[in-house]
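Asker: From TrEMBL, here are the annotated features:
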DOMAIN    A:30-103  domain 'Phosphoribosyl-AMP cyclohydrolase'
BINDING   A:D77, A:D79, A:D81  Mg(2+) binding site
BINDING   A:C78, A:C94, A:C101  Zn(2+) binding site
2 protein chains.
Amino acid sequence: MSFDPATLTFTSDGLIPAIAQDAATGEVLMMAWMTAEAVTRTLETGRVTYWSRSRQAFWVKGESSGHVQKLVDFRVDCDRDCLLVLVDQTGPACHTNRRSCFYTAVRAGEEVELMTPVED
Amino acid sequence: MSFDPATLTFTSDGLIPAIAQDAATGEVLMMAWMTAEAVTRTLETGRVTYWSRSRQAFWVKGESSGHVQKLVDFRVDCDRDCLLVLVDQTGPACHTNRRSCFYTAVRAGEEVELMTPVED
């Protein structure tokens with residue numbers, strides 16, 4: 001069946017959450033948002049493209065930082081209201097320069113930092 | 001630092017997205033939503049507990065199906081507006097009886113089903 005981004009379920013703001021996972025290691029890197037047009041651009045260019053809610057603009061991941069995400073596989077969930085993009089991640093995915101945004105664990109009621117920023 | 005669920009950033013509906021990942025295989029299983037109280041219950045009980053938006057009620061994953069998620073590790077992202085729970089998943093995570101909710105890929109413009117329902 002041919003894929004049409006319009007068949008996805010978006011929030012009232014026209015957004016759908018997209019989880020980025022490292023295709024090689026399986027590490028969950030980040031979660032951000034896409035519009036229907038960001039989905040189309042991601043599939044057409046092979047460069048993962050989100051919608052920046054703060055800037056209200058398309059956000060080609062890594063365009064300024066160089067930490068690009070090359071699309072390896074694109075997945076839709078059962079309810080069609082969440083996406084999973086498997087990516088080839090160049091450099092750290094997180095704006096804090098850590099490999100993943102999920103670097104804080106909660107263990108025995110305490111926050112534990114699992115990763116330190118990558119040295120430039 | 002001691003963890004306080006109130007320090008998380010919730011939507012205007014009081015929700016935060018939570019990604020569930022299989023702790024053993026790294027497979028991304030599903031995405032659902034938690035309230036602050038669902039976060040507290042998940043950490044206190046070790047049983048992953050979401051908030052069902054359709055039923056407007058707590059949803060202890062697997063309570064009716066038996067497909068429980070035992071919490072292995074709990075992660076918070078850099079913006080404190082998304083959670084990642086690493087879980088020990090019993091049976092399929094998806095209500096369609098598939099291992100993961102992300103069983104549909106989009107490849108060359110076509111939808112491709114990657115998994116079939118698990119036999120009971």
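Using the three backbone atoms N, Cα and C, a Cβ is placed for every residue, glycine included.
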Asker: Measure from the CA atom of A:C94 (Zn(2+) binding site) to the CA atom of A:D77 (Mg(2+) binding site) and give the result in Å, rounded to a whole number.
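Answerer: Answer for this pair: 24 Å between alpha carbons.
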Asker: What residues, ordered by sequence, lie under 8 A Cβ-to-Cβ from A:C101 (Zn(2+) binding site) and sit at least six positions away in the same chain?
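Answerer: In sequence order, the residues whose Cβ lies under 8 Å from that of A:C101 (Zn(2+) binding site) (at least 6 apart) are A:L29, A:M30, A:M31, A:A93, A:C94.
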Asker: Among the binding-site residues listed here, A:C78, A:C94, whose Cβ has the fewest other Cβ atoms inside 10 Å?
Answerer: A:C78
Asker: I'd like the number of other C-beta atoms within 10 A of the C-beta of A:D77 (Mg(2+) binding site), please.
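Answerer: A:D77 (Mg(2+) binding site) is surrounded by 24 other Cβ atoms within 10 Å.
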Asker: Across the domain 'Phosphoribosyl-AMP cyclohydrolase' (A:30-103), what are the DSSP residue counts per state (helix, strand, coil)?
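Answerer: The domain 'Phosphoribosyl-AMP cyclohydrolase' (A:30-103) comes out at 10 helix, 29 strand, 35 coil.
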